[in-house]
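Participant: Would you mind keeping the following structure in view while I ask a few things?
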Amino acid sequence: VLSAADKAHVKAFWTKIGGHAGEYGGEALERTFLSFPTTKTYFPHFDLSPGSAQVKAHGKKVGDALTLAVGHLDDLPGALSDLSDLHAHKLRVDPVNFKLLGHCVLVTLALHHPDAFTPAVHASLDKFITTVSTVLTSKYR
């Protein structure tokens, strides 16, 4: 459960991202594909080469979803319900992949904002991304 301090850290950090959430999402997705090649199996129709327009476009969706989640920290299940349905029932993404992508999101954020990525912020962002992953996989059960 995200504490008030966690929510404050996440919101404050997200303001530093500005309009780069989509760009960072694309970078995190590319990093996921490179670091965890088995994640590519869900994208057989994509050009997965570095800098691919398809990876960038899907990464923007990831960034936009995280931005949506930041705006609804008190109701993540409600805000992410449609995405949860999509990933559980239509796309059938293995839940472990959310953890892998979440790790790559954290790495990407830390690389772009090292001064703001303090241990406390890191812990809060990790809890946030874990909570988002839990919500997205909640309809698998």
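Including glycine, each Cβ sits where the backbone N, Cα and C put it.
What Swiss-Prot shows for this protein is this:
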{"type": "BINDING", "residues": "HIS58", "note": "O2 binding site"}
{"type": "BINDING", "residues": "HIS87", "note": "heme b binding site"}
{"type": "DOMAIN", "residues": "1-141", "note": "domain 'Globin'"}
{"type": "MOD_RES", "residues": "SER3", "note": "phosphoserine"}
{"type": "MOD_RES", "residues": "LYS7", "note": "N6-succinyllysine"}
{"type": "MOD_RES", "residues": "LYS11", "note": "N6-succinyllysine"}
{"type": "MOD_RES", "residues": "LYS16", "note": "N6-acetyllysine"}
{"type": "MOD_RES", "residues": "LYS16", "note": "N6-succinyllysine"}
{"type": "MOD_RES", "residues": "TYR24", "note": "phosphotyrosine"}
{"type": "MOD_RES", "residues": "SER35", "note": "phosphoserine"}
{"type": "MOD_RES", "residues": "LYS40", "note": "N6-succinyllysine"}
{"type": "MOD_RES", "residues": "SER49", "note": "phosphoserine"}
{"type": "MOD_RES", "residues": "THR108", "note": "phosphothreonine"}
{"type": "MOD_RES", "residues": "SER124", "note": "phosphoserine"}
{"type": "MOD_RES", "residues": "THR134", "note": "phosphothreonine"}
{"type": "MOD_RES", "residues": "THR137", "note": "phosphothreonine"}
{"type": "MOD_RES", "residues": "SER138", "note": "phosphoserine"}
Participant: In sequence order, which residues at least six apart in the same chain have a CB under 8 Å from the CB of SER35 (phosphoserine)?
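Facilitator: In sequence order, LEU100, CYS104 meet the Cβ cut-off.
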Participant: Which ones, of the recorded positions LYS40, SER49, HIS87, have a Cα no more than 10 Å from the Cα of THR137 (phosphothreonine)?
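Facilitator: Near THR137 (phosphothreonine) by Cα: HIS87.
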Participant: Counting each residue once, how many in the domain 'Globin' (1-141) are helix, strand and coil under DSSP?
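Facilitator: Going by DSSP assignments, the domain 'Globin' (1-141) contains 109 helix, 0 strand, 32 coil.
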Participant: Where among the recorded positions LYS16, HIS87 do you find the Cβ with the fewest other Cβ atoms within 10 Å?
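Facilitator: Counting other Cβ atoms within 10 Å of each of the recorded positions LYS16, HIS87, the minimum falls on LYS16.
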Participant: Cα-Cα separation of LYS11 (N6-succinyllysine) and SER49 (phosphoserine), in Å?
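Facilitator: Checking the Cα atoms of LYS11 (N6-succinyllysine) and SER49 (phosphoserine) gives a distance of 33 Å.
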Participant: How many whole Å apart are the CA atoms of LYS16 (N6-acetyllysine) and THR134 (phosphothreonine)?
Facilitator: 25
Participant: Take every residue in the domain 'Globin' (1-141), average their pLDDT values, and give the whole-number result.
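Facilitator: The average pLDDT of the model in the domain 'Globin' (1-141) works out to 94.
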Participant: Which of the recorded positions listed here (SER3, LYS7, SER49, HIS58, HIS87, THR108) have a Cα atom within 10 Å of the Cα of the residue listed as 'phosphotyrosine'?
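Facilitator: So the list is THR108.
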Participant: Based on Cα distances to LYS7 (N6-succinyllysine), point out the closest of the recorded positions LYS40, SER49, HIS87.
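Facilitator: For LYS7 (N6-succinyllysine), the spatially nearest of the recorded positions is HIS87.
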Participant: Least buried of the modified residues THR108, THR137, going by other Cβ atoms within 10 Å?
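Facilitator: Fewest other Cβ atoms within 10 Å, among the modified residues THR108, THR137, is found for THR137.
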Participant: Checking your reading of the structure: which of the recorded positions LYS40, SER49, HIS58, THR108, THR134, SER138 lie inside a 10 Å Cα sphere centred on SER124 (phosphoserine)?
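Facilitator: Within 10 Å Cα-Cα: none.
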